[in-house]
């Protein structure tokens with residue numbers, strides 16, 4: 001909770017933009033509803049993840065309600081950096097107010113312009129914003145003008161248009177307004193499980209002078225290296241691949257037992273609710289358990305039952 005973080009001004013450890021000038025591809029944990037919370041971010045940072053995002057937070061709720069702030073956003077002073085807080089917003093001043101609240105505790109904000117879920121689009125959030133480049137510019141400009149910390153990043157995450165010229169135009173407009181980097185999920189709003197258009201990400205990268213992050217269908221470190229080679233992207237953002245294997249960026253092909261043990265320790269230390277604790281383990285153990293084992297493990301209903309199971313079967 002925000003109230004738990006004191007000595008706010010000292011907590012900024014790294015300028016996230018500097019990561020993109022390190023000469024290395026930046027390895028990024030995506031914003032994931034329910035999943036990319038503090039405990040999971042702590043885990044992936046142990047395994048070579050350079051930059052983490054929070055789950056998407058609706059800016060209007062965050063500004064309006066202390067309860068929403070406390071339930072949606074948790075961080076700590078030292079380990080949880082660099083950290084980007086992702087907001088859903090459709091009004092410049094509301095995004096600004098949210099950015100002002102978050103500024104002492106995080107290293108930047110990201111505007112979600114890529115969520116294709118119906119509820120988000122119906123509310124005017126997420127991927128419908130890619131059709132409103134002037135509104136995106138207005139929101140970025142407002143944050144840039146009102147946050148006086150020049151090291152605070154403002155990024156956007158988008159999907160592509162069917163007509164790629166429109167996407168390139170959108171990205172160039174955002175760059176002109178002072179966006180720090182752009183994450184491109186290489187699918188259109190309508191596409192769900194179709195192949196990712198890495199060629200489109202490459203064209204966007206070649207059209208821009210700010211960093212571009214590639215997102216979509218990266219499951220292993222080898223995939224990440226391939227996507228970097230195909231697109232020239234400065235960073236690779238991963239969602240489901242990290243859920244299945246939080247040690248992916250450290251080069252592990254599947255979740256090592258040490259990572260499972262680390263998750264148990266971190267989750268217990270953070271007081272992670274049982275459902276979240278259990279779901280993460282179900283994802284992590286997907287590739288290393290038999291169908292029969294899954295049947296047993298997936299219906300366990302208490303932390304103690306999970307701990308007993310892990311101890312008996314894996315010595316964790």
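Yeah, the Cβs are placed from backbone N, Cα and C, and that goes for glycine too.
In TrEMBL, annotation is done automatically, which means it is predicted and not curated.
Pulled from TrEMBL, these are the features on record:
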DOMAIN    29-293  domain 'DUS-like FMN-binding'
BINDING   31, 32, 33, 86, 185, 239, 240  FMN binding site
ACT_SITE  115  active site, proton donor
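On the structure: features taken from TrEMBL.
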residue	record	contacts (Cβ under 8 Å, 6+ apart)
31	FMN binding site	53, 54, 55, 56, 86, 110, 112, 157
32	FMN binding site	55, 239, 243
33	FMN binding site	55, 56
115	active site, proton donor	56, 88, 121, 125, 126, 127
185	FMN binding site	114, 157, 158, 159, 160, 196, 215, 216
240	FMN binding site	219
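For residue 86 (FMN binding site), other Cβ atoms within 10 Å of its Cβ number 25. Put simply, the two farthest-apart Cα atoms among 31, 32, 33, 86, 185, 239, 240, the recorded binders of FMN, are 17 Å from each other.
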